[in-house]
Amino acid sequence: MTMKRFLFLAVASGFLPVLIVQAKPAQVPYKTLLTELASVQEEIVTVHNTFRRGVSPPASNMLKMNWSEEAAQNARMLSKDCEFVESNALKRRITNTFCGENRYLTTDPVSWSNVIRIWYSEFKYFKYGEWTLTDDDVTVEHYTQIVWATSYLIGCGLSSCGKGKSAHYLYICHYCHEGNDPNKKNEPYRRGTPCGDCPDYCEDKLCTNPCLYYDEYSNCKAQTRGPGCSHVSVQQLCKASCLCHTEIK
């Protein structure tokens, strides 16, 4: 089965939750896109932070993103598998947290800036505070992950999949902490004055005081009131609520 035939069947069957673009933006030499390069890492982080500080309505708790080599190693490894479905969450784990994921598949190598812009372009289907009805043609999850306020680390990878006329390029970015909580996707950040939630930790409209931990329980606020953070299970599973008091979480 050819790669193109496989992709067609996968899309038709609904087993390919990844952006596939056949249009051809300007091609870029593949080796110049590898995320081991410091210049590529800087490009990815800069473009993300530019989009994050420019959201509308503005965000009061949007964290500044920084590069995570640990997350990048996971993304590179997964891209080399050339599998076109969302990865298992355990394969997106880094120290202290889990990471969300954006994927993009194209027939030609294009700049990371182009890839990130394509993900972000889903904003046209998104209205803050409202639930977006999505289908096979409309999704906003790449956009909401990019602007998820508490995601503060990013790491990405790229691999060439297939050869000759069937060659494709798989781009993967991991965002930590993980975004796209199903209960909060209509509000991926808190609306308000930029840095309103972090007045003492602000850099060009972005907060710089992330909580390094995350809550594994969905009801950690209640858990910290009773039985409380002195309880071993609450300490382990509600680390953000127990350890982060002024940080963005």
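Each Cβ is built from the backbone N, Cα and C atoms, and glycine gets one as well.
Noted in TrEMBL for the protein shown:
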type	residues	note
SIGNAL	1-23	signal peptide
DOMAIN	211-244	domain 'ShKT'
DISULFID	Cys220-Cys238	disulfide bond
DISULFID	Cys229-Cys242	disulfide bond
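For Cys238 (disulfide bond) paired with Cys229 (disulfide bond), the C-alpha to C-alpha distance reads 8 Å. The two recorded residues, Cys220 (disulfide bond) and Cys229 (disulfide bond), have Cα atoms 10 Å apart. Across the domain 'ShKT' (211-244), DSSP helix (H, G, I), strand (E, B) and coil residues number 20 helix, 2 strand, 12 coil.
Here the Cβ of Cys220 (disulfide bond) has 20 other Cβ atoms within 10 Å, regardless of which shown protein chain they belong to. Residues within less than 8 Å, Cβ to Cβ, of Cys229 (disulfide bond) and separated from it by at least 6 positions along the same chain comprise Gln235, Cys238, Ser241, Cys242. The most densely surrounded of the disulfide-bonded residues Cys238, Cys242 is Cys238 (count of other Cβ atoms within 10 A of its Cβ).
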